[in-house]
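Engineer: Handing you this structure, nothing more for now.
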Amino acid sequence: MSKHKHEWTESVANSGPASILSYCASSILMTVTNKFVVNLDNFNMNFVMLFVQSLVCTVTLCILRIVGVANFRSLNRTDVKNWFPISLLLVLMIYTSLKSLQYLAVPIYTIFKNLTIILIAYGEVLFFGGKVTSMELTSFIMMVLSSVVATWGDQQAIAIKASSLEDLDQELVESTIFVLNPGYLWMFTNCISSALFVLIMRKRIRLTNFKDYDTMFYNNVLALPLLLVFSFIMEDWSTKNLSVNLSADSLAAMVISGLMSVGISYCSGWCVRVTSSTTYSMVGALNKLPIALAGLVFFDAPKNFLSFFSIFLGFLSGLLYAVAKQKKIQQQKVLAATLEK
């Protein structure tokens with residue numbers, strides 16, 4: 001009985017679909033919790049929130065280790081030296097994402113964020129070998145196209161609202177914003193740091209033979225000093241601002257979001273380990289679709305043909321990518337069987 005239970009546990013632990021579903025569920029929960037925290041009145045200390053999340057995650061892991069549920073490597077100089085660049089990239093990725101959203105509209109942000117998928121796909125070719133099939137590339141293009149269509153829908157809604165301002169030269173304003181808006185520079189940095197984070201983490205996992213809990217522990221514990229330093233440099237630590245941001249409600253919400261981060265930290269490392277970094281990134285992009293649908297239903301988001309069509313394109317690109325991956329796996333199995341003969 002225990003043997004069958006052990007085999008079943010091992011099967012789930014190495015299951016791609018199980019890791020993807022768990023990652024999707026945990027990331028949706030994490031998104032909802034984070035949205036609640038940052039929407040608190042006058043909340044402006046994002047790095048403190050991320051610090052609390054990492055701290056709660058680290059403490060939770062230590063407790064799980066004491067009770068015998070989790071097992072991970074203790075901190076040592078070699079692993080810290082090897083993993084520190086990944087933690088630095090993680091902090092850079094989070095910060096540039098926040099700065100991009102500060103200057104860019106969400107649809108524009110999504111367009112450039114989805115370009116990261118293509119960067120990762122070709123980065124995998126350089127790091128790990130293999131190739132990107134034409135079907136995979138088509139799915140990537142469709143994903144970006146869905147974001148472009150969403151932007152058109154958003155701009156269409158804005159144009160209708162601003163139709164009364166007939167004397168305003170919209171093309172001149174938009175072209176000026178594109179040239180002067182620093183959000184595009186932040187977004188470019190975010191795409192590069194996001195791709196490097198996923199690719200280097202996967203390579204380090206292979207080289208160090210890190211397990212899921214090892215990845216989870218090192219990602220969080222090494223991020224703690226970085227997040228605190230970034231917070232001291234970039235955020236307002238005045239007594240007045242601290243009293244607003246560190247109220248009982250905000251602290252409770254941050255602790256809850258930290259517990260949610262335990263799930264997303266574990267599932268992120270699990271998904272990268274048993275699938276691929278491109279699959280992990282693609283799943284992350286597709287995971288925005290339920291939130292997009294919720295935005296159409298519950299929030300003040302554009303509700304027009306282009307908005308719904310962009311969501312349809314997003315799901316279609318996900319299906320195409322899944323088919324492309326299955327075909328590639330089948331071809332690899334056939335090739336391996338041929339070589340064995």
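The backbone N, Cα and C atoms fix where each Cβ goes, glycine too.
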Engineer: Based on the record in Swiss-Prot, is it correct that Lys81 and Ser250 are on the same side of the membrane?
Structural biologist: no
Engineer: Annotation N-linked glycosylation site in Swiss-Prot: match it to one of Asn114, Asn241, please.
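Structural biologist: The N-linked glycosylation site feature in Swiss-Prot corresponds to Asn241.
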Engineer: Tell me which residue from Asn76, Asn245 Swiss-Prot records as N-linked glycosylation site.
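Structural biologist: Candidates were Asn76, Asn245; Swiss-Prot attaches N-linked glycosylation site to Asn245.
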Engineer: Which sequence-distant residues neighbour the topological domain 'Cytoplasmic' (68-85)? Criterion: at least 6 residues beyond either end, Cβ under 8 Å.
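Structural biologist: Beyond its ends, the topological domain 'Cytoplasmic' (68-85) has Cβ neighbours at 61, 200, 204, 207-208, 210-211, 213-214, 216-219, 221-222.
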Engineer: How many helix, strand and coil residues does the topological domain 'Cytoplasmic' (129-139) contain under DSSP?
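Structural biologist: For the topological domain 'Cytoplasmic' (129-139), the helix, strand and coil counts are 6 helix, 0 strand, 5 coil.
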Engineer: Give the residue counts of the topological domain 'Cytoplasmic' (198-214) per reduced DSSP state, in the order helix, strand, coil.
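Structural biologist: In the topological domain 'Cytoplasmic' (198-214), the DSSP-based counts are 14 helix, 0 strand, 3 coil.
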Engineer: In terms of Cβ proximity under 8 Å, which residues at least six beyond the ends of the topological domain 'Cytoplasmic' (129-139) contact it?
Structural biologist: 118, 121-122, 282, 317-318, 320-321, 323-325, 327-328
Engineer: Which residue counts does DSSP yield for the topological domain 'Lumenal' (236-251) in the helix, strand and coil classes, in that order?
Structural biologist: 11 helix, 0 strand, 5 coil
